[in-house]
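So that you can see what the record holds, here are the features copied from TrEMBL:
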DOMAIN    2-119  domain 'Response regulatory'
MOD_RES   Asp54  4-aspartylphosphate
DOMAIN    135-257  domain 'Response regulatory'
MOD_RES   Asp191  4-aspartylphosphate
DOMAIN    276-322  domain 'PAS'
DOMAIN    349-401  domain 'PAC'
DOMAIN    433-567  domain 'GGDEF'
DOMAIN    576-830  domain 'EAL'
Amino acid sequence: MRVLYIEDNAVDADLTRRYFQQHHAMIDLDIVSCLSDGIAKLSRSHDYHLLLTDLKLPDGSGLEALSWVRQHDVPISVVILTGQGDEASSLAALKQGADEYVVKRNDYLSGLAASLFSALARFRSVPKYLSRHIRVLYVEHNPYDADLAVRFLATHAPYIELTLVQSASDVLSHLPLQSGEPAEFDLVLIDYRLPGKDGLELVRELRHTRQLTLPLVLITGQGSEDVIAQALHLGVDDFISKHDGYLYELAAFLEKVSRTAELRKEHRELLKLNAALRQVQAVFDSTSEGVLIADLKPRILTVNKAYTDITGYAESEVLGKNPGFIKSGRHHRTFYQTLWKSLSETGSWRGEIWNRRKTGEVFPQFLSLNTVVNEQGQATHYVGIFNDLSYQKESEQRLQTLTHYDPLTQLPNRLLLLSRIDHAIDQAEGQDRQVAVLYLDLDRFKNINDSYGHQEGDGCLKTLAQRLSHHLGKEDTLARMGGDEFIVVLEGIAHPERAAQKAESLLELMQKPITLSSGLEVVCAASIGISLYPQDATTATELIQYADTAMNQAKSLGRNTYRFFTEELTIQARCRLDLENSIRKALKENEFVLHYQPVIDAQSQRVVGAEALVRWHQNKENLLGPDKFIPVAEDSGLIIPLGRWVLRQACLQMRRWLDMGIRLDFMAVNLSGVQFNLGSVEQEVFDALQCSGLPPSFLDLELTESIIMDYGNKSLSIMNKLKEQGVSLSIDDFGTGYSSLAHLKNFPVDRLKIDKSFVQSLEEQTKDMAIVTTIINMAHNLGMKVVAEGVETLAQQELLKQLECEFFQGFYFSRALDDVAFVHWYEAHSSKYHHS
């Protein structure tokens, strides 16, 4: 039933809407708040069955709405809502044509639906309602009788529209060929006496051949009882005899037949609807899937038994609540934003979601959400249907564990290990990294099983698995191959030495005794074989096979050791580890020194700064450059303490030179990417400046392009904090990375240092000349100064000066010098260019 409800009290309107949604879903309320809006709705739409209006409205009264409906002959029932003690208005409403009035007592909502249906039935029972437009197909061969009927109905019942034809064939041509097709008429009026095919034959054709359900009325002469009996048997709805005054009865008779047919149709539809509703209710109540229906706010209107069984909440505990009150907290806000966006744009959403039961337990659901719309396509409700996936997830987890994990140690088994290695290979290939597979076999583990039993042996394996798991990093994989064999996968390593270092730490860990349940202690030493991707193999199976081969080599060499599949790598790894240990020792024994290379002003030739470069005095005769040890220091993390030492020593030296009267504008110190990513650069710079007493403006920190590009926003944040301390920042080796000046404009950079590879080919007028020109021009446009590295000839200096490069650095002026030699060179250079 479509009901237009005029109610200015928002609370009353909302209560009525929610009550009908929950208890009488077949009543579709369209609510407006004033008389003018109600009349506007009635003027535009003719599909309302009933008008429900409050008596007192802000711009008129319910009686005015009633009067408008009756004056405009709108065919709807009218019910007036009045307050208590206003019986006079109620009687006035009935006198003016209201079909019912309802007093707003405390419990009036419980009986309101019944009052509406009663009023609608009462309205439809009166002749005025029945006297609606009726389309009649009238077949009459006698022109005199046909003319009388047409003129009489036109005068006394203009709402009956007659279409006149003269034969059965004419009727058949105006009607559908079969049941279910739309008809242009509400009723067929058939005169019995027709030429050719008589009225009974026509009825038989319509009812039995075409199986039309359209109401059929037969007109007969007086005393035609046999014809009438046959007609009724064939399926006519009614008959009328041509007595003297039959035309005066015809209009009411046609209305009655039309209305009876309509009522039968409504009854059939109602029976069908009730059957469907019972079926839906049965499904709603018995389905194992949880179901909820919510309004658009959204608030829960109803839930089924499965919903309460799954969530643990009773129906009374959830009605009126937002469906999201059982959120688990596992999903980010964007998850729900995507859900609601899909529901709004497409009318549906499906997917897995985690919610929380009344007990607090978080559980998975597969949820399907849909928007319900009315005949006008407007959203009215939301429906959610969900399955509890808890058992399915538990079964999947159990199967996953049985399929991919060792039952004794709960470590990945061979199947999962192969998948992990394949993944590691894919990752390494994209990052130009290596993968190491370490095959670990316990030495003489059979003796433990034979001496103490398999139960003690299993206990040892479980203890070892726990120790190894705790020792390895989160990104590493530990698996059990079976028996006393384990495999470790190291992902994304830069050098084979990392694998050797890990193998040594594992061998050391294996020396820790294990206490048996009997109280005895045993040591499970091991032999380890190492294979590498891509040097040794490119598939998981081959890597395991070659690591096994290397492990057997380790056993043959005396056990409790490791070997690479390639012997050369074993030697290289040991050498690299020796170098790492030597760097660690050199830091403790102060074997590192700083040398300083001057930076020259292009125009004045004044020495404006120096770059601090670290050297290693391995012994009195041997001085190593940074290329010999910095890569190992970076890989091992030793660059952090080394970089901290360089920074502090450079600041102290600059302070001493300033105190000596040496006029330098800055001391440049290089920062490593490892320092930038893993160290605390801002604090270390602050500490070095505090310790030395050097003003921040005299310190210039040099960063490579790769540092800025690799660490993105983190780089920007650190650089801003360094600038806040007052130091200057330079980009070293510019042009060798993959950044651009356009990108660097976002970073607080003071100077660019052009890489020496570009400078050294300037004289050949290659494309590097164009690159250098572009770098200098764009740097100037961005407010940066430019330092050219690797200047070795006068010609290079002159070309760079023409390009307006501000500073030079290179062997043409001086190599890097120790602190004493730098002072002597500085004094000689300053004297030469008259800068005292």
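Glycine is treated like the rest: Cβ placed from N, Cα and C.
Here the listed stretches are 2-119, 135-257, 349-401, 433-567, 576-830, and the one with the most C-beta pairs under 8 angstroms to the domain 'PAS' (276-322) is 349-401. Residues in the domain 'PAC' (349-401) partition by DSSP class (helix H, G, I; strand E, B; coil) as 12 helix, 30 strand, 11 coil. The helix, strand and coil residue counts that DSSP assigns across the domain 'Response regulatory' (2-119) are 55 helix, 29 strand, 34 coil. For Asp191 (4-aspartylphosphate), other Cβ atoms within 10 Å of its Cβ number 22. Distance from the CA of Asp191 (4-aspartylphosphate) to the CA of Asp54 (4-aspartylphosphate) is 50 Å.
Break the domain 'GGDEF' (433-567) down by DSSP state and the numbers are 59 helix, 39 strand, 37 coil.
For the domain 'PAS' (276-322), the model gives a mean pLDDT of 89. The DSSP breakdown of the domain 'Response regulatory' (135-257), given as helix, strand and coil counts, is 54 helix, 25 strand, 44 coil. Within 10 Å of the C-beta atom of Asp54 (4-aspartylphosphate) sit 22 other C-beta atoms, taking all shown protein chains into account.
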